[in-house]
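Taken from TrEMBL, the feature NADP(+) binding site covers D:Arg48, D:Lys54. Here TrEMBL flags D:Arg125, D:Ser126, D:Ser127, D:Asn244, D:Ala245, D:Gly288, D:Lys303, D:Pro304, D:Val305, D:Ala306, D:Thr307, D:Arg329 as FMN binding site.
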Number of protein chains: 4
Amino acid sequence: MAGNTFGQIFRITTFGESHGEAIGVIVDGCPAQLTVDIDYIQGELDKRKPGQSKITTQRKESDTVKILSGVFEGKTTGTPIAMIIPNEDQRSKDYGHNVDVFRPSHADYTYFSKYGIRDHRGGGRSSARETAARVAAGALAKLFLKANGIDVIAHVSSVGKIDAPNVEIRDAEEFIAQREQNIVRCADPATAEEMIAFIDGVRKDGDTVGGKVSCYITNCPVGLGEPVFDKLHADLGKAMLSINAVHGFEFGSGFSGSEMRGSEHNDIFRKNGDKVETITNFSGGIQGGISNGMPVEFRVAFKPVATIMHNQQTVNSVGEAAEISGKGRHDPCVVPRAVPIVEAMAALVLADHLLRDRAAKT
Amino acid sequence: MAGNTFGQIFRITTFGESHGEAIGVIVDGCPAQLTVDIDYIQGELDKRKPGQSKITTQRKESDTVKILSGVFEGKTTGTPIAMIIPNEDQRSKDYGHNVDVFRPSHADYTYFSKYGIRDHRGGGRSSARETAARVAAGALAKLFLKANGIDVIAHVSSVGKIDAPNVEIRDAEEFIAQREQNIVRCADPATAEEMIAFIDGVRKDGDTVGGKVSCYITNCPVGLGEPVFDKLHADLGKAMLSINAVHGFEFGSGFSGSEMRGSEHNDIFRKNGDKVETITNFSGGIQGGISNGMPVEFRVAFKPVATIMHNQQTVNSVGEAAEISGKGRHDPCVVPRAVPIVEAMAALVLADHLLRDRAAKT
Amino acid sequence: MAGNTFGQIFRITTFGESHGEAIGVIVDGCPAQLTVDIDYIQGELDKRKPGQSKITTQRKESDTVKILSGVFEGKTTGTPIAMIIPNEDQRSKDYGHNVDVFRPSHADYTYFSKYGIRDHRGGGRSSARETAARVAAGALAKLFLKANGIDVIAHVSSVGKIDAPNVEIRDAEEFIAQREQNIVRCADPATAEEMIAFIDGVRKDGDTVGGKVSCYITNCPVGLGEPVFDKLHADLGKAMLSINAVHGFEFGSGFSGSEMRGSEHNDIFRKNGDKVETITNFSGGIQGGISNGMPVEFRVAFKPVATIMHNQQTVNSVGEAAEISGKGRHDPCVVPRAVPIVEAMAALVLADHLLRDRAAKT
Amino acid sequence: MAGNTFGQIFRITTFGESHGEAIGVIVDGCPAQLTVDIDYIQGELDKRKPGQSKITTQRKESDTVKILSGVFEGKTTGTPIAMIIPNEDQRSKDYGHNVDVFRPSHADYTYFSKYGIRDHRGGGRSSARETAARVAAGALAKLFLKANGIDVIAHVSSVGKIDAPNVEIRDAEEFIAQREQNIVRCADPATAEEMIAFIDGVRKDGDTVGGKVSCYITNCPVGLGEPVFDKLHADLGKAMLSINAVHGFEFGSGFSGSEMRGSEHNDIFRKNGDKVETITNFSGGIQGGISNGMPVEFRVAFKPVATIMHNQQTVNSVGEAAEISGKGRHDPCVVPRAVPIVEAMAALVLADHLLRDRAAKT
């Protein structure tokens with residue numbers, strides 16, 4: 001109800017502020033007997049952590065995760081899995097100058113208005129630092145999905161106006177390997193270089209820029225998703241829109257589908273061996289809210305990060321005009337670090353629907 | 001869990017198939033003492049009903065709603081409000097030829113795969129007829145919001161590649177009146193004419209076309225939305241993506257925001273009398289997932305309707321190749337009838353968050 | 001949230017007031033492909049309906065149920081099943097004299113205080129008439145359980161201070177048949193006669209009396225129930241305590257277990273063929289909140305019905321002293337009609353946990 | 001869904017095993033601006049902790065709680081409050097001899113059957129150690145209730161067959177002080193001495209005994225509780241039944257009410273100054289599931305602890321006969337330590353319903 005829980009059966013609850021003691025997550029409903037690869041979980045966190053390259057913030061956090069419960073002799077026991085990530089770099093002083101000032105396009109004003117109080121240190125609960133807890137939980141979900149043969153893979157498909165060409169996905173691991181060869185996490189090497197150069201220029205301007213992440217779920221079984229309100233793409237959409245800085249979500253043909261005719265857009269069914277498939281995939285692998293066995297495909301739009309190195313006009317908590325100066329460390333473009341977050345949230349949605357589908361038939 | 005319930009406090013559960021006895025909804029959690037204007041509810045249903053103009057399907061249903069419970073002497077009592085809409089036009093024979101054939105880009109194949117059984121008559125539960133129940137419930141939510149001074153208004157902003165210019169909204173009622181002067185429900189009269197002519201042409205081709213609906217929430221108080229997973233725009237996004245044929249959702253700057261720089265995109269705060277406001281509204285009225293008092297703005301992309309009057313190749317339920325011929329009645333473009341659905345779902349999200357916000361402070 | 005929904009996966013939402021248009025229920029999450037025996041559902045309702053014998057209220061309602069959705073060609077489709085029961089005997093005039101007066105030990109005062117408005121006709125939503133909707137939904141749950149080999153059976157074990165001896169249950173159908181041979185629904189014929197005579201005397205006094213219902217779940221598989229908060233007996237307890245007039249719940253050794261020593265109370269495990277069983281069953285078939293394969297056993301205490309034929313002192317809605325006179329029709333003892341309600345609620349809990357357990361293992 | 005979450009708005013999720021790294025809880029939905037008295041929270045934990053007197057287990061744990069999030073400068077911020085309690089006394093060796101053996105009337109067999117795996121160390125998740133997390137969360141709920149003038153107080157009213165006389169409650173603090181003057185936590189000093197002597201004898205026998213806790217909610221406002229399924233007493237009942245070793249729950253007249261006549265049992269309303277009250281309180285402060293302003297009263301029955309110092313027959317995980325010998329440390333009677341748990345769970349239910357009630361009126 002207060003919005004810190006996600007999922008129905010495979011369900012997570014996160015906690016923690018940017019500059020508090022620790023952040024963390026409880027994963028409830030992860031089935032028993034799953035082998036937990038803690039190195040894999042840490043590896044996913046490492047892809048999200050700050051300070052990993054010249055195009056991310058220079059804030060340093062090791063983001064080391066510790067499992068407190070729910071795992072016994074390397075396997076899940078069916079009980080809740082608590083994971084915590086201590087906050088190491090609590091340089092609250094950096095933020096001291098903004099205590100009473102509402103940063104433009106941040107959550108300072110809205111949190112203060114809603115609760116009448118706010119933890120101003122580094123954005124408190126509204127900081128994207130909270131997403132580390134999602135990545136840890138999502139890594140567990142991915143292990144569960146892998147045990148069911150399902151892969152969730154994403155990459156940066158746009159930075160500003162630079163778009164990557166469509167990538168054909170033959171193999172999930174190959175795709176990931178390709179993507180990890182560059183610091184912007186775009187699976188197309190030529191575009192990646194262009195993106196990196198562009199972000200670096202934006203960074204030197206003390207500015208930021210938005211971008212897009214494209215995500216694919218391959219080997220997705222037919223039948224996931226519930227009709228009506230909990231359509232698979234509706235839950236994916238909510239999951240993505242809950243990530244900091246996301247301003248848009250589309251799947252399959254997406255916004256461009258609204259410009260097409262039915263005769264072009266319909267995905268014709270055909271038999272391929274034993275399997276039913278469609279010739280095109282404008283449906284993005286989902287029909288009537290339920291997966292149809294084709295790859296699930298969606299895109300997520302991120303606005304530019306609000307923290308910039310320029311001075312900006314604003315108001316303070318008693319409503320007076322104020323100026324805010326650009327200090328501290330910042331991310332010039334959030335999408336390279338957002339890739340594991342998008343994958344984590346998608347994996348959580350899929351794991352949940354995989355379990356929900358077990359109740360479909362008598 | 002089976003996906004037929006939406007909302008946390010102001011919560012609806014819908015039921016019914018296209019060609020069953022009736023469809024309907026239970027609204028649970030509507031606060032007591034709200035005056036219920038049944039004519040208003042019926043009026044909203046009339047905007048969604050089939051057969052209302054030459055650019056909608058010619059299927060005829062009066063969609064007459066009846067309240068079974070929860071209202072006493074014209075006011076809500078705090079108990080569940082059940083509303084039913086009997087199905088009148090149950091011409092099941094029209095659909096007899098498609099019993100065992102999966103219509104392209106419909107939910108026939110996925111429902112059958114998930115449940116091992118399906119009500120094939122007119123799409124059964126996957127029919128957009130289900131949205132009538134949402135419109136009835138949403139009309140109640142709108143009455144609750146109106147009692148709190150909040151308006152939810154939408155119109156058709158694109159049909160295919162025809163885009164309406166941005167409309168300045170001075171007054172909610174004026175906007176609605178303007179929009180209702182044409183059958184496509186676009187608030188810009190000149191664009192409306194163009195859209196109507198285009199849809200009529202598409203209809204004559206036996207084809208369909210997609211479009212977009214833009215929605216605005218005006219006089220929205222500061223503080224609605226919960227941080228982290230239940231951000232206001234995440235819940236709006238899920239609500240919209242749960243509507244049949246929707247393929248995309250964006251708010252504020254949306255997808256185009258991903259191409260901007262932070263220095264352009266940041267919404268600068270200023271004082272306007274007693275009120276804090278922002279000079280621009282790229283945030284779409286929502287910051288950190290919580291409304292900031294500016295108008296909430298979002299857009300919804302609808303794919304073209306899958307039912308076309310052309311013959312199409314497909315497979316049947318035993319996996320053989322089959323042909324489907326275009327018969328029956330169809331909507332050439334769904335967006336004019338989608339306007340009240342978008343408003344209804346937005347109103348349900350707002351009503352729910354208005355009640356949830358009551359728990360924010362001690 | 002407003003309390004009209006029960007269950008997580010197999011989930012029901014009820015609606016309706018005593019003297020409104022109709023009462024009803026939506027069952028969401030009933031798995032697909034279940035054969036629906038409408039006569040069985042009606043038969044369960046007939047056991048709850050008023051006017052069935054001299055020891056129940058003489059109010060007449062046929063309580064005829066109609067299925068509106070979710071069933072196609074005799075089987076569930078996985079979509080929500082709506083059932084309605086029209087209200088026939090809407091003699092509101094009988095209640096006219098109590099419009100502004102709070103009946104003692106009824107819900108008049110608390111509803112009015114909570115909502116500031118109430119439907120006074122026959123108790124409105126607080127009437128036990130609402131339980132008919134539960135019986136209809138519970139009958140569906142019982143059909144689902146029967147398909148899984150599980151039986152839920154109950155009988156009247158006490159009326160006032162008259163207690164039935166413990167009944168050995170060999171066969172569920174035989175038990176039901178035995179119980180249905182008398183109008184008080186006690187499986188012990190001698191005690192049944194005594195109970196009937198006693199209730200008849202109470203009725204002639206214009207008074208009422210309480211009683212107890214005992215319930216057994218036989219052939220319950222091992223493993224149902226979730227640890228910690230959603231223990232099987234905790235959910236059963238909540239289900240029972242939600243029934244009108246219930247004031248107590250105990251399972252296994254119950255209250256008397258609190259007087260025992262551990263060395264007497266522990267249920268010793270032993271092997272019986274391939275099956276693990278316990279020699280005694282003080283645990284009531286549940287250990288650590290999870291079924292252990294022994295019969296689940298619990299008891300439910302009902303207070304005497306508050307409507308009596310005597311004049312009583314009270315206050316009215318403006319806080320003045322008032323007298324209420326005993327008019328209308330009333331149930332001298334509610335337990336014979338409560339038997340199908342107890343079974344229905346127990347079946348709903350079991351069906352839900354049977355589905356929830358499907359998510360326990362990877 | 002997996003049962004580790006309790007509450008709707010004021011909602012807790014607990015984690016942790018008896019001999020894991022730590023146990024803990026996330027409290028989500030606690031309103032902002034509540035002053036958090038950490039000493040009060042620790043004080044409640046001290047009442048539950050082991051080793052506090054000769055009639056509790058000698059296992060030593062300091063049960064020191066640490067708040068990780070959600071509190072800023074001594075006040076709640078509206079964000080989730082995570083609290084952890086490290087496990088200090090992880091003497092797993094004590095339990096080594098029971099690895100493969102199912103202890104009678106414990107959860108070993110059912111957990112193993114449900115999940116196919118179990119953390120055998122000290123009962124793992126099924127250990128009553130988990131209730132420490134509830135006490136910490138409940139202490140926060142009590143602070144919220146106190147800020148609203150509501151008190152939740154409990155004491156031991158029975159041990160075995162020794163019953164305390166009814167205690168008149170004039171003042172909550174005085175009641176607590178009286179109760180805390182003896183180690184059995186009974187507010188009647190004479191009975192307390194008798195109980196202590198009895199428990200000490202049971203302990204010397206290497207045996208255990210059950211008991212009852214009575215709980216009172218004073219200054220409870222009118223209107224808490226939701227009709228139908230989430231009746232106040234139904235939620236209290238579920239809360240109590242979810243506590244380890246609880247076998248029964250009754251409120252108001254309880255089981256003895258089932259033996260009464262309506263004419264005795266009805267609580268007659270009268271005016272007392274401005275307030276409506278009832279002359280008797282057989283309703284236990286709740287009518288139609290909603291509080292009526294009288295004290296809420298209920299009783300909870302605890303079975304005797306299953307761990308005894310005697311040898312017992314049982315089976316092991318491969319189904320062979322086995323003997324279990326009584327080793328380790330044990331609680332001869334759990335009720336003295338259960339008092340803060342009962343209060344905690346009751347407080348959580350009340351806090352939740354206090355917030356839920358905010359949505360009752362337009």
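Just so you know, glycine gets a Cβ as well, placed from its N, Cα and C.
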In whole Å, how far does the CA atom of D:Ala245 (FMN binding site) lie from that of D:Lys54 (NADP(+) binding site)? 21
Other CB atoms, at most 10 A from the CB of D:Val305 (FMN binding site): 25
Using the residues the record lists for FMN (D:Arg125, D:Ser126, D:Ser127, D:Asn244, D:Ala245, D:Gly288, D:Lys303, D:Pro304, D:Val305, D:Ala306, D:Thr307, D:Arg329), what whole-number Å value is the largest Cα to Cα distance? 45
Those binding-site residues in D:Arg48, D:Lys54, D:Arg125, D:Ala245, D:Lys303, D:Val305 passing the chain A Cβ proximity test, under 8 Å, are D:Arg125
Any idea which of the binding-site residues D:Arg48, D:Lys54, D:Arg125, D:Lys303 has the thinnest Cβ neighbourhood at 10 Å? D:Lys54
Near chain C, which of the binding-site residues D:Arg48, D:Lys54, D:Ser127, D:Ala245 can you find when the cut-off is a Cβ distance under 8 Å? none
Spatial neighbours, same chain, of D:Ser127 (FMN binding site) - Cβ under 8 Å, 6+ residues apart: D:Glu17, D:Ser18, D:Asn244
Taking the Cβ of D:Thr307 (FMN binding site) as centre, how many other Cβ atoms lie within 10 Å? 22
At the level of the C-alpha atoms, what whole-angstrom distance separates D:Arg48 (NADP(+) binding site) and D:Val305 (FMN binding site)? 15
Tell me the Cα distance separating D:Lys54 (NADP(+) binding site) from D:Thr307 (FMN binding site), rounded to the nearest angstrom. 17
Neighbouring CB atoms within 10 angstroms of the CB of D:Ala245 (FMN binding site), all protein chains considered, total 22
Using Cα positions only, nearest of the binding-site residues to D:Lys54 (NADP(+) binding site) (D:Arg125, D:Lys303, D:Val305): D:Val305
With H, G and I counted as helix, E and B as strand and the rest as coil, say where DSSP puts D:Lys303 (FMN binding site). coil
